[in-house]
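Listed in TrEMBL for this protein:
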- 4-331: domain 'Amino acid transporter transmembrane' (DOMAIN)
- 24-44: transmembrane segment (TRANSMEM)
- 70-92: transmembrane segment (TRANSMEM)
- 98-119: transmembrane segment (TRANSMEM)
- 164-188: transmembrane segment (TRANSMEM)
- 208-230: transmembrane segment (TRANSMEM)
- 251-268: transmembrane segment (TRANSMEM)
- 274-296: transmembrane segment (TRANSMEM)
- 308-331: transmembrane segment (TRANSMEM)
């Protein structure tokens with residue numbers, strides 16, 4: 001983006017490196033990743049609300065809808081208006097997500113330390129057959145690359161973007177690490193894909209943790225959907241000369257997009273398996289493999305034999321291995337869950 005000011009989005013980088021084919025490939029990976037991530041937010045809401053209110057049912061058109069499906073639908077209705085906001089306004093909404101993350105980690109620690117759960121559980125620390133899935137899940141936590149160009153262009157001072165990335169990745173690494181360790185030493189082998197589903201519902205810390213978990217998707221769903229909605233609007237030539245202006249057609253596009261994520265969330269409501277699939281197939285491709293390939297193509301000096309080239313090749317080889325193995329295992333788990341359902 002610094003080399004060529006005309007680059008505004010991630011697909012633009014792909015086009016600069018590999019032409020139209022590069023743009024198409026990156027667009028497919030990026031937008032599919034964002035779409036499934038928004039599906040994950042709905043599943044997250046459904047799982048945690050169902051844990052709090054397990055007996056809620058609705059009768060719609062003569063059909064009884066219960067379980068987390070009710071809460072997936074209700075969550076989508078609450079999130080829908082946020083998708084109609086522009087990106088600048090969403091920045092203020094996302095601050096709530098940062099505060100929610102801090103409260104969440106503190107609440108889980110409180111449950112373990114002061115509410116009888118303790119930190120005594122132990123399990124198998126290392127399993128080779130679980131490595132691809134673990135790396136896939138870990139990669140998922142850092143899969144924001146697809147929206148980095150959009151965020152950078154929305155900043156008043158783009159020169160501060162590297163500092164923003166450094167702060168975000170540092171805070172994320174600390175919070176993810178603490179949460180992983182807490183969940184492991186609190187529940188060991190019985191740990192569920194969402195630690196909030198393990199927590200006892202009657203404790204105060206658990207309720208705070210679950211409620212703050214519910215806040216996070218509300219603050220991030222629209223940010224994830226925004227680049228996808230913008231791409232559709234551009235393709236349909238729905239943008240006006242006033243970016244902040246809300247039109248009936250843009251509202252319709254974003255509403256249909258939300259409905260489509262609801263449909264997927266209702267049919268494949270498996271949080272951990274979908275997260276692993278996103279991490280292995282889409283996140284590793286969009287955040288590790290494709291950036292390395294684009295860099296090698298755009299910067300000819302990077303192809304000279306040296307430490308940098310060796311590191312890039314190692315990253316590509318390891319990334320490809322994890323992508324293949326992780327994708328296979330996550331797809332296998334999804335089909336297992338569907339058949340069990």
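Heads up, the Cβ atoms here are built off N, Cα and C, so glycines get one too.
If you look at the transmembrane segment (251-268) against the transmembrane segment (24-44), you find at least three C-beta pairs under 8 angstroms, all six or more positions apart, and that counts as contact.
With Cβ pairs under 8 Å as the measure, the transmembrane segment (164-188) is packed most heavily against 98-119, out of 24-44, 98-119, 208-230, 274-296. Between the transmembrane segment (98-119) and the stretches 24-44, 208-230, 274-296, it is 208-230 that has the most C-beta pairs under 8 angstroms. Through the fold, the transmembrane segment (274-296) approaches residues 10, 13-14, 16-18, 22, 25-26, 29-30, 32-33, 36-37, 39-40, 43, 132-133, 135-146, 193, 268, 302-303, 312, 315-316, 319-320, 322-323, 325-327, 329-331, 333-334 of its own chain, all at least 6 residues removed from its boundaries and within a Cβ separation under 8 Å.
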